[in-house]
Amino acid sequence: MKRIKQIDIKRALAMAGTFNFLCSCAKACLLPFLTLYFRQLGLTPAMTGIVMGTKHFITLVWSPAASLLSKHYNKRRAVICGSVVFSAAAALLLLLIPHTDMHAWTCNASDPHVGPPQNPSDVLSVNITGPVTSHPKPHVSQSLVTHLPDADRKAPVIANETSPHHHHNHSHTTESPLLYAPQKNESKVLESSSSSLATPVRNKRSELKSEQQTGEKKDESSLGFLGSLKVMDTQHQLFFLILIIMCVWEVASAPLEWNVDDGLYEYLDFADASDRYSSTRVWGVLGAACGVGVTGLLVSRLACLIAAQTSRSVVHFYCYASLAFLVLPLAMSLPLYLNKKRNRTSGLLKALQLVRGSPQAVLCVFTTLLVGVANSAIDNFLLWQMQDRGSSELHMGLSLALALLSQAAFPLMAGRVSRLLGPRRMLAVGAASLGLQCFYYSFLWGAWAALPAQVLSCFSSGALWWAVKLQCEDIATPGAERSVRRVYKSLSIHLGSALGSLAGGFVAQSIGLTWMFRGLAMVLMVWCVCLPLLQWKAPHHRRINYSRLLAADASEASDSESEQERDWLDKAMENDKSNNNSARKVNH
């Protein structure tokens, strides 16, 4: 007789919450500060946008594909453990790139919290484009050089360039003892001798140049892409190197989230406790707040303990790798379950059909896509704006931590806000709050100036995703809520972030960070004005989830539950009672 393994629901929920906390904490130690590290390496805003956009595009495509493959071959645990290890190793590859701006981020004895200079690109411009000599080339009289043979023409010039007196007046260069004017009788002898000696020298030089050029062409054609990198400048070589490392990193880390989420959900669903799995997501937000805040504080405090030849940004990478390896034993013991009857591909396709069939859901998709574009620009370039205003990692970390804590606090007030505004108004309020944040970011004036605007994340992120959750429940059929929610998440966080990274990088490079934030604020505000009108004209079709209504317990019902659904159930029961009473009277 086959022994049935007992499922411990509390243990599974505790492990799921711990795993989400540690993974989010590890990501928050590095990812928010990654674009700042790219700026220190010398990347332009457009290059940074291309790198981050490529990262989001890979996640958009590879996450569902890797989840399907791991499920098909029953290799979820191997994929999870491999993703944890190889993502940490790939992130450390970025530290092998030589740092071009050591002194801007090293310790200052007078003030250990001092940040980099106001415009780090000015410091990097000389290092990126190569060594620039400040010594002017000496001026040599052409009338004197023309009387000398080819072998003698370069000797005076080289000697004069290396001379310690080459920076004086140009009159001294023409009076150098190496450059003398021959007499009339000597000039004829020199011209005849130089013409006879210079001819074979020129022929040899032309042969050597032609052989060198043909050799370089053969090398470039044989090496292909690597050969083309040799003719690029230092900045573009650095850009392609970072792009390759980021692609490898994202390929390694993208499968983690979907595989863990599917395995834990199916495990709890097997025990009829899948509705409790959503309670573990708040631990991910709290872990991210803890990671970004503690890392910012740690980097600012350890600035004077790091060697002068090392950038203090390496602390972010080491914290990420350390927490990733700390997660590895937990990943090896996660309770996972493989439900072969559940087809993830058909679920996503059905979710897309449900979203496309509802005009209100389509408006919600456009709103989340626009919010994803704006959020990606904020994530990529807000720290640049703060750095230009004198903020250090301490200010940045605490500001980002406050935003995450505000987002996590919204469920405490979600019931009252949803009854007051409703899901459709909450969607517009969330987008408008994000527009106000962008407008505020364009007027930063000091190190702590960004802190007050982070409180608005309670609505720009918390209220918006709460409205998306209610929208998913309206259009989803029983069992399709997760797939519909995943469609919104993919379109906003990954597709919107990819488009926003690409567009934001080029816009920031062309018009600057200040006007980029103002442009985002204006676009969001215009959409918030148009959204209620479009929602009013669009028909509202609502699906009632009967199984969820009948299974809901009055004692466990949350304040956020829709009052219209309760009224519908009460009316249905009253009508049933009235019909039964009338039938009894007729029978009597």
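Cβ coordinates come from backbone N, Cα and C, glycine included.
Pulled from TrEMBL:
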type     : residues : note
TRANSMEM : 12-34    : transmembrane segment
TRANSMEM : 46-66    : transmembrane segment
TRANSMEM : 78-97    : transmembrane segment
REGION   : 113-144  : region 'Disordered'
COMPBIAS : 120-132  : compositional bias 'Polar residues'
REGION   : 189-219  : region 'Disordered'
COMPBIAS : 204-219  : compositional bias 'Basic and acidic residues'
TRANSMEM : 238-260  : transmembrane segment
TRANSMEM : 281-308  : transmembrane segment
TRANSMEM : 314-338  : transmembrane segment
TRANSMEM : 359-378  : transmembrane segment
DOMAIN   : 360-588  : domain 'Major facilitator superfamily (MFS) profile'
TRANSMEM : 394-414  : transmembrane segment
TRANSMEM : 426-443  : transmembrane segment
TRANSMEM : 515-534  : transmembrane segment
REGION   : 555-588  : region 'Disordered'
COMPBIAS : 563-577  : compositional bias 'Basic and acidic residues'
COMPBIAS : 578-588  : compositional bias 'Polar residues'
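Within its own chain, the transmembrane segment (238-260) has Cβ neighbours under 8 Å at 19, 23, 38, 41-43, 47, 50-51, 54-55, 58-59, 62-64, 66-67, 70, 76, 79-80, 82-84, 86-87, 89-91, 93-94, 97, 128, 229, 232, 331, 334, counting only residues six or more beyond its boundaries.
As a quick check, the transmembrane segment (314-338) and the transmembrane segment (12-34) clear the bar of 3 or more Cβ pairs under 8 A, pairs 6 or more apart, so the two touch.
Relative to the transmembrane segment (394-414), the listed stretch 12-34 leads the set 12-34, 46-66, 426-443 in CB pairs under 8 A. Outside the transmembrane segment (12-34) by six or more residues, the chain places 91, 256, 260, 264, 267-268, 276-277, 279-281, 283-292, 295, 313, 316-317, 319-320, 323-324, 326-327, 330-331, 333-335, 379, 383, 393, 396, 400, 404 with a CB less than 8 A from a CB of the stretch.
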